[in-house]
Every structure is written in structure tokens, then in C-alpha cells.
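J.: Take a look at what Swiss-Prot says about it:
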type: SIGNAL; residues: 1-21; note: signal peptide
type: DOMAIN; residues: 37-277; note: domain 'Peptidase S1'
type: DISULFID; residues: 63-79; note: disulfide bond
type: ACT_SITE; residues: 78; note: active site, charge relay system
type: ACT_SITE; residues: 128; note: active site, charge relay system
type: DISULFID; residues: 161-235; note: disulfide bond
type: DISULFID; residues: 191-214; note: disulfide bond
type: DISULFID; residues: 225-253; note: disulfide bond
type: ACT_SITE; residues: 229; note: active site, charge relay system
type: LIPID; residues: 281; note: GPI-anchor amidated serine
């Protein structure tokens with residue numbers, strides 16, 4: 001009997017511990033039905049509600065990003081080449097334009113910046129991923145998070161996904177309204193071959209690394225561009241928008257044989273979860289419901305499973 005009670009206790013404890021570590025929202029990736037984005041179109045209000053703009057406080061928009069939680073933004077590491085000082089940055093949440101006068105938008109201060117340790121601060125580097133911790137939590141009415149994929153999510157070439165951002169609509173002109181663009185995922189080896197054609201100066205070097213993902217068109221004409229960096233590449237998976245890529249780099253914009261290159265998000269899901277778990281809740285004076293349940297039920301479980309232990 002005692003052995004059975006111990007087994008029950010350990011099982012319940014394991015369940016609660018797992019729940020305690022599940023920080024990402026259970027509801028995500030929902031928007032209105034559905035592209036710098038070259039060859040794209042204006043997005044509609046509420047269509048990509050996780051899209052945010054990363055601002056340098058004095059200069060305005062520099063990169064895109066995506067809300068994955070009420071205090072967490074996913075973006076690219078190269079967006080922080082100027083400084084890793086959180087006080088340099090704000091995040092604009094809500095709205096379709098970069099105007100601070102737009103209704104339902106707000107500018108939020110940044111508390112912390114976490115850049116992946118493998119990023120080399122060089123063009124086309126692996127590890128081009130970063131997490132931004134907001135200084136204050138967003139209210140439920142202010143945000144809808146994008147879903148994150150499982151680490152083993154298959155990314156099938158030919159799958160049509162969407163990239164969004166305020167970057168250039170040509171190689172020079174910035175967009176005033178959030179742009180959206182449908183792009184097919186590409187096979188990594190095919191993408192590698194494309195970057196070694198048409199007079200590439202990178203011949204002999206491996207360009208597309210295992211943590212990178214290509215999307216776009218062989219003929220060019222449609223692509224993400226400067227100012228879109230850090231923004232999301234999302235696919236519809238199980239009827240929810242799931243972020244599979246982060247706009248990372250490319251050569252020019254919408255050029256033939258030069259598709260956009262994105263950080264492959266499934267590669268970094270474990271890192272994202274670890275950073276969130278290590279820097280969650282206590283600093284804001286609140287606790288997750290799972291954590292509260294854990295604290296309330298643990299004494300009860302001990303009393304039931306281990307009589308006389310309390």
C-alpha cells in the first residue's frame with residue numbers, strides 16, 4: 001500500500017512539475033483569415049496581431065518581432081548590433097503603421113535582451129535569434145501570441161507560408177503600412193545551389209547552415225527586405241499560425257536566385273523555453289496558474305501519499 005501511494009505521489013508530482021514549466025500560452029496563432037516586403041500587399045487590421053516593431057528610442061523602427069508571450073518578443077540577434085543596452089530600445093505593440101498616434105498601439109520599454117550565444121555578430125551567421133523581455137506585461141486585450149513549433153516540426157519544401165514586416169517595398173523605400181507576402185518554403189540544398197550561382201563571391205563556402213531556412217521565389221520579384229529583419233515567417237499548422245522562421249538575411253531584395261534566409265525556429269525551441277523558464281514571473285510579482293497549483297497541492301500530496309511525513 002505504501003509503495004502504491006509513493007507511485008501515485010511521484011506521478012502527480014511529475015505532472016505538476018511539467019505544468020509548472022509550461023510557460024508559453026496554450027491559446028495562440030489565431031487571427032483574421034488571410035506582404036520590407038517586396039511585391040507584397042497591405043495587411044488588414046488584426047490579421048497578424050503578434051507582429052511588433054522594435055525601436056531604437058531616438059531613431060524609430062529598426063526591426064520586426066513577434067509576441068510569443070505577454071512579456072516576451074522573438075526577434076533576430078543582428079537587430080542589436082548597435083547596443084545590447086535595454087534602455088536603447090522600445091517595442092511598439094498594436095496597429096498597422098509605425099505611427100505612435102495610431103489607436104490601440106503602445107510603446108513598451110525593454111527590460112532584458114537575450115542573444116543566442118552562438119551568434120557571431122557577422123553577416124549570415126548562425127544563431128541569429130534573440131528574445132526581448134518587456135518591462136511590463138501586456139494586458140490580454142493588447143496582444144495575441146503566435147504559436148511556436150515543436151522541435152521536430154517538419155518543414156516541407158513547397159509549403160506556402162507568410163512573412164510580414166514594415167521593411168522596404170523596393171530596395172530603398174520603407175513601407176508605411178504593415179506588409180504581408182506569401183512565400184513557399186525551399187529545400188535547403190536547392191537554396192544552397194542558388195546562392196552559388198550568378199557570380200556569387202561565396203563559392204566554396206557553405207552558406208545555408210542547418211539552423212537556416214529559405215523561402216521565396218527563384219525568379220525573385222517578391223521577398224522580405226531591409227526593415228523586415230527579426231519579423232516572423234509563419235505557416236498554418238493544425239489551423240493555427242505557427243512561427244517557423246525569423247527574417248535573418250539575404251543578398252539584396254527580391255533578386256533572382258537569392259531567396260530570403262530565415263532562422264529556423266524549431267532548432268531553437270528548447271533554448272527559448274529555457275530562457276523563459278529562467279526569467280519568468282517572479283520579477284513581475286505574479287505566478288502562473290500551474291505554479292500556484294503546484295504550491296497549493298504539494299502539501300496535500302505529501303500528506304496523502306506519505307502519512308506521517310508532515
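For all residues, glycine too, the Cβ spot is worked out from N, Cα and C.
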J.: Let's check the environment of residue 214 (disulfide bond): how many other CB atoms sit within 10 Å of its CB?
T.: 27
J.: Rank aside, I only need the closest one: which of the recorded positions 63, 78, 128, 161, 235 has its C-alpha nearest to that of residue 229 (active site, charge relay system)?
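T.: Checked the recorded positions 63, 78, 128, 161, 235; minimum Cα distance to residue 229 (active site, charge relay system) goes to 63.
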J.: Considering the disulfide-bonded residues 63, 79, 161, 191, 235, which residue's Cβ sits among the greatest number of other Cβ atoms within 10 Å?
T.: 63
J.: Near residue 128 (active site, charge relay system), meaning Cα within 10 Å, which of 63, 78, 79, 191, 214, 235 (recorded positions)?
T.: 78, 79
J.: Which of the three DSSP-derived classes (helix, strand, coil) applies to residue 78 (active site, charge relay system)?
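T.: Its secondary structure by DSSP: helix.
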J.: For the active-site residues listed here, 78, 229, which shows the highest count of neighbouring CB atoms within 10 A?
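T.: Going through 78, 229 one by one, the largest Cβ count within 10 Å is at 229.
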J.: So of all those recorded positions, 63, 78, 79, 161, 235, which one's Cα sits nearest to residue 214 (disulfide bond)?
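T.: Nearest listed residue in space: 161.
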J.: To the nearest whole angstrom, what is the C-alpha distance linking residue 191 (disulfide bond) and residue 63 (disulfide bond)?
T.: 24
J.: For residue 128 (active site, charge relay system), just count the other CB atoms lying within 10 A of its CB, please.
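T.: A 10 Å sphere around the Cβ of residue 128 (active site, charge relay system) contains 32 other Cβ atoms.
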J.: How big is the gap, in Å, between the Cα of residue 161 (disulfide bond) and that of residue 79 (disulfide bond), rounded to a whole number?
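T.: On Cα coordinates alone, these residues lie 23 Å apart.
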J.: Using Cα coordinates, what distance in whole Å links residue 79 (disulfide bond) and residue 235 (disulfide bond)?
T.: 23
